[in-house]
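Q: As annotated in TrEMBL:
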BINDING   50, 51, 52, 53, 77, 101, 128, 129, 130, 131, 269, 270, 297  carbamoyl phosphate binding site
BINDING   165, 229, 233, 234  L-ornithine binding site
DOMAIN    3-141  domain 'Aspartate/ornithine carbamoyltransferase carbamoyl-P binding'
DOMAIN    153-308  domain 'Aspartate/ornithine carbamoyltransferase Asp/Orn-binding'
Ligand code: CP
Ligand code: NVA
């Protein structure tokens, strides 16, 4: 059966460990796996802007021996309302995997339903699971258990827009990895209970805890990983909400970071809005791992593609 990666809990906890082990292997030996030798094609489609996702998939697919077809979906017949079902049927005849950055999670699910090749979510309004794979790889490198690199038992707190795709993916992805995860944001920007529930269900398999804590200082107390993201996600620019003042207490700055574990690392998926969700001294400081995190998009996605292709 074709496996897809549309949300963080599409991998079981054991499968997630396999993908992360492969990501570490590919980081050490970037050309050791060639599952796309041929070259086989991979479609990489964008409805939203991207720097990291675009470059990391393009380069990663080439390093796996394949041929990336990177397109702005609006320039295809998808932009003229060809159905997702027909698009999936046609692309499945040309490529061995489809990567799509879009708005609607339901659209991704529909595409996957009609695709005979793996479909990967490269960010939707609801989730950004490829980013979490890179983040977990980074956490394993910096904070993982000696020898195994296991991240289980660590504590991570996400601050800011706790209702966005990154917050949802941290809840699901950390629960899947056995990391205790807390999300913290102002009133009106707290997570959809459906996603908290889904994360808690997954956490029953790994022993992780999933918490929503309103107070940012309490939320970061003693944690190993502090994370934030933009206060204005793509597509929210004109939503009429005040996306500045309510978020100020959740800014990741030196004062707030001082409440975390002294050896805590700081992550941000980028692009950063310096002076808003994170300050220059923190993102450029000794606790920041954000550029390793960005690099790990390449390794983690190569591992994901390799693993998905091995399943069919
Ligand atoms: N973090 C991330 O997905 O970056 P891009 O939007 O540049 O792809
Ligand atoms: N939450 C952000 C993540 C960008 C990588 C957005 O969706 O714009």
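Quick reminder: no glycine exception, Cβ is built from N, Cα and C everywhere.
Keep in mind that what you see is a predicted model, and the values were worked out from it rather than measured.
Tell me what's around each of these sites.
A: The C-beta environment of residue 52 (carbamoyl phosphate binding site), restricted to residues of the same chain at least 6 apart in sequence and closer than 8 Å, consists of 269, 270, 294, 297.
According to DSSP, residue 233 (L-ornithine binding site) is assigned to coil rather than to any helix or strand.
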Q: Mind checking how the domain 'Aspartate/ornithine carbamoyltransferase carbamoyl-P binding' (3-141) divides into helix, strand and coil residues in DSSP?
A: 71 helix, 21 strand, 47 coil
Q: If you count Cβ atoms within 10 Å of each one, which of the binding-site residues 130, 234 comes out on top?
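A: For the binding-site residues 130, 234, the Cβ with the most other Cβ atoms within 10 Å is 130.
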Q: Sequence gap of 6 or more, C-beta under 8 Å: which same-chain residues meet both conditions with respect to residue 229 (L-ornithine binding site)?
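A: Residues satisfying the criterion: 158, 160, 161, 164, 166, 167, 268, 269, 277.
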Q: From the Cα of residue 128 (carbamoyl phosphate binding site) across to the Cα of residue 165 (L-ornithine binding site), what is the distance in angstrom?
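A: That comes out at 6 Å between the alpha carbons.
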Q: Taking DSSP three-state, what's residue 269 (carbamoyl phosphate binding site) in: helix, strand or coil?
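A: Once the DSSP labels are grouped into three classes, residue 269 (carbamoyl phosphate binding site) ends up as coil.
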Q: Starting from the L-ornithine site formed by 165, 229, 233, 234, give every other residue of that chain whose CB sits within 8 Å of the mean position of their CB atoms, in sequence order.
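A: Other same-chain residues with Cβ inside the cutoff are 123, 125, 128, 161, 164, 166, 230, 235, 236.
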